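Undergrad: Pasting the feature list from TrEMBL:
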BINDING   ASP106, LEU107, THR108, ARG133, GLN149, ASP153, ARG302, TYR306, TYR307  L-histidine binding site
DOMAIN    36-391  domain 'Aminoacyl-transfer RNA synthetases class-II family profile'
Amino acid sequence: MPPFGFLHMRVWASLFGQLLRSPRAVCIREVHFHSQGTRDLSPQQMVVREKILDMVVGCFKRHGAKRLDTPAFELKEMLTEKYGEDSGLIYDLKDQGGELLSLRYDLTVPFARYLAMNKVKKMKRYHVGKVWRRESPTIVQGRYREFCQCDFDIAGQFDPMIPDAECLKIMCEILSGLQLGDFIIKVNDRRVLDGMFAVCGVPESKFHAICSLIDKLDKISWKDVRHEMVAKKGLAPEVADRIGDYVQCHGGVSLIEQMFQDPRLSQNKQALDGLGDLKLLFEYLTLFGIAEKISFDLSLARGLDYYTGVIYEAVLLQTPAQAQESFNVGSVAAGGRYDKLVGMFDPKGHKVPCVGLSIGVERIFSIVEQRMKTFGQKIRTTETQVFVATPQKNFLHERLKLIAELWDAGIKAELLYKNNPKLLTQLHYCEDMGIPLVVIIGEQEMKEGIIKLRSVASREEVAIKRENLVAEIQKRLSES
């Protein structure tokens, strides 16, 4: 019987027919069993995923964050007009005769709504959950329509740049801890961007549209972005060229100092405020010991409408081999300051300044997965510590009593669901599953009041008194 039940027998018959003709055709057809841009995760993939999430969440907890959760869907009006041009990617749910609802697009807007609804003025939170975006999926780059986000945010009125610096420190800790290779975190400020647009002659009505175009610079060349500015957004060519002079600049504190002296930019108060905060930020980043990982980059725009100050994005630096393979996952973490978002949800418009970051676990996951394939690493899908085996028939009752004893002692244990399994089959199972210890019980052991304890790796066996078995296993597991 096919795994999908009787209704799918014809589909399976069709696939089986194709399998004989073209294995590739089957791969293409199989994709349609679930929505394009989503995926099933195998036990092996879940092990890798859990390890990544444990490491990320461990870092969030180390920095004093509390966990929060919000519903998978929100009122549609709560999400619209918060994401700028990206609002078109929101998944709307069918009207069921009640409120108009949409699947959440990110974890930031629901967090802002939560703060406003509950009148929370100060909070350091983390949130791990799925979000949905109706965009073209790029599976090889870890880009999906349904994916998991890991967010960390600091809400509240504090002295400038201290929470922002901590967010960047967290990013560095996570990316270093995951050992993904060398990375750089690009930093900019929306006030510097808006000031730059103003002094270059961009009409204020076009700020957001031009900002979204600049956000594409990590994917397409300046020449193509300039063409879109002029041909599609109606910007004068000389205005686009002035923008081009700025967005191709990146560096450290010296570039911030240079921008303070810039004849055009230094005339704009907004830009000066942003540059002042960036200078202070770099001072704190130096104290945190991460300044060399941060680059002030005037091309960084972050297209989302809700950012109001510092913005940042982490990218992995490719080795020449990776560049040749064209394996580029884009940014692996990003975030910034959004001081006005909570006020949009508050009836009285009370603002709660916020800054946060999001770790792109799906992209990180695709990198780790690719590496494991390259190096042929084997993954244990269970955490079983002990296997209960017998070399003789009619010993099921003894095995069940023994395994219950192990479970009650908190030991992760398994047995084969057969009355009379062969010893070799049981030992092979342990080797295949990477189970480190086997306890063996048979007639001889029963007579002598002992249990044999076998190490799967070394194949050494020792006899242990039945009453000492749990203590001996716990001792061995604590030493491994």
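Every residue gets a Cβ built from N, Cα and C, even glycine.
TrEMBL: automatically predicted annotations, no manual curation.
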Undergrad: Measuring CB to CB from ARG302 (L-histidine binding site), give everything in the same chain under 8 Å that is also at least six residues away in sequence.
TA: ASN188, ARG190, ASP215, ILE311, GLU313, ALA334, GLY336
Undergrad: Have a look around THR108 (L-histidine binding site) and count the other CB atoms within 10 A of its CB, chains all included.
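TA: If we count other Cβ atoms within 10 Å of THR108 (L-histidine binding site), we arrive at 26.
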Undergrad: Across all protein chains in the structure, which of the binding-site residues ASP106, GLN149, TYR307 has the highest Cβ count within 10 Å?
TA: TYR307
Undergrad: Determine the mean pLDDT over the domain 'Aminoacyl-transfer RNA synthetases class-II family profile' (36-391), rounding to the nearest whole number.
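TA: Mean pLDDT across the domain 'Aminoacyl-transfer RNA synthetases class-II family profile' (36-391) comes out at 90.
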Undergrad: Would you measure the largest Cα separation among ASP106, LEU107, THR108, ARG133, GLN149, ASP153, ARG302, TYR306, TYR307 for the L-histidine site and round it to whole Å?
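TA: Maximum Cα-Cα distance: 21 Å.
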